[in-house]
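Q: Please see the structure below; I have some questions.
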Amino acid sequence: MVSFSELGERGIVKGIRNLLGSPKGIGAGDDSAVIPFPIGDVVACVDSVTFERHFPKGMTYEDFGWTAAAVSISDLAAMGASPVGLLAALMLPPDLKEIDIYNIMKGMNNCAHMAGAFIYGGDTKFGQGAVSCTALGTMNGRKPMLRSEAMPGDIIAVTGSLGSAAAGFYAIENGLQDKVSLNPLMSPMPRVEEGIAMSGSGAVTSCIDLSDGLAEAARSICSASHVGMDIFMDFLPAGEGVDIITSNTNITREEMMLYWGGEYELLFTFDKEKRDALYDHDVEFTIIGKVTNENAPYINYENKRTVMKNGRY
Ligand SMILES: Nc1ncnc2c1ncn2[C@@H]1O[C@H](COP(=O)(O)OP(=O)(O)OP(=O)(O)O)[C@@H](O)[C@H]1O
Ligand SMILES: Cc1ncc(C[n+]2csc(CCOP(=O)(O)O)c2C)c(N)n1
Ligand SMILES: [Mg+2]
């Protein structure tokens, strides 16, 4: 019998999805679920962060709490939902100080308020150091953006810039923390307003957040939509710190901008006939490529065209 690590996260989730079958509404497979209620749909997701994997050197407990909320709110943003409420589950080591626990909750609460939501409850118990945040939101009549409706010929775009969380991480590892902003790593900003505007525009055919990096995100849209992608390295908007890290270490732009992840921009595709609707809704974005009728994401760089590798996660 194979183990979890042999299957990998994606492998086991595939098996779980087969076992569960498909519920009404939108079940597993997107950034959030859409759950039908008699009074309307609720958009819902849950995500966890751990001391082991999500607590880089220099992070505060307040940053950790902010991040716990931000990663779930980002999964609502990717659907175009407006955040309404959060539930916070804490599994924390018995020797953790009282003040540190309040600081985790303060960070979560600040992030919730920033996104227009409140924390409505949660759960608290001893554990190894993990915080799980359930986020609930509403589409307010907009159509949710899925991963599965990209069409060949659509344009591919991203919000914001890429690689700045990775740059912050490598700045700390290499003693360059005074030269690079650590904010994108320590307190990521989910693209809530952008997601709402994008879903409101009616132009977007698919969307996903970049938590696991651009390569994984592109691969997820390709597989859910049965399409391919041509993405152009020279079009990618480099985040703050990316150039400083490439000139001071041997870490590549590709590693930071395509594979590292830990950033919360939105990758999306749109119908090129409807581009003006995005401008009318004040969505700011950078075009990075186009959707093809192949079945994998390709990266184009210096006249070379190669399939994007799997990400790290
Ligand atoms: N134990 C589980 N039971 C049911 N569905 C699950 C389970 N684990 C994951 N899923 C579903 O599988 C999908 C996971 O996809 P993926 O990891 O690409 O998305 P994500 O939640 O946006 O990732 P991230 O954790 O990076 O935010 C989601 O739709 C999620 O709801
Ligand atoms: C100490 C430390 N801090 C941060 C990172 C980076 N990191 C961890 S998980 C992840 C992707 C999102 O995960 P998830 O699967 O939870 O969505 C990233 C970018 C690291 N490797 N080590
Ligand atoms: Mg996601």
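Count begins at 1; order follows the chain as displayed.
Just so you know, glycine gets a Cβ as well, placed from its N, Cα and C.
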Q: Which residue of ASP31, ASP41, ASP178, ASP243 does TrEMBL report at the same Mg(2+) 3 site as ASP75, ASP209?
A: ASP31
Q: Identify, among the binding-site residues HIS54, ARG147, the residue whose Cβ has the fewest other Cβ atoms within 10 Å in this structure.
A: HIS54
Q: Report the residues of the chain - excluding ASP31, ASP75, ASP209 - with C-beta within 8 Å of the mean position of the site's C-beta atoms, for the recorded Mg(2+) 3 site, in sequence order.
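A: Apart from ASP31, ASP75, ASP209, the close residues are ASP30, SER32, CYS45, SER74, LEU76, ALA77, ALA78, MET79, ILE208, SER211.
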Q: As a check: which entries in ASP75, GLY122, ARG147, ASP209, SER211, TYR298, the binding-site residues, place their Cβ less than 6 Å from an atom of ligand 2?
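A: SER211, by Cβ distance under 6 Å.
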Q: For ASP209 (Mg(2+) 3 binding site), find which of the binding-site residues ASP31, ASP47, HIS54, GLY122, ASP123, TYR298 come within 10 Å, Cα to Cα.
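A: So the list is ASP31.
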Q: Restricting the comparison to the binding-site residues ASP47, HIS54, GLY122, ARG147, which residue's C-alpha is spatially nearest the C-alpha of ASP75 (Mg(2+) 4 binding site)?
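A: Checking each of ASP47, HIS54, GLY122, ARG147 against ASP75 (Mg(2+) 4 binding site), the shortest Cα distance is to ASP47.
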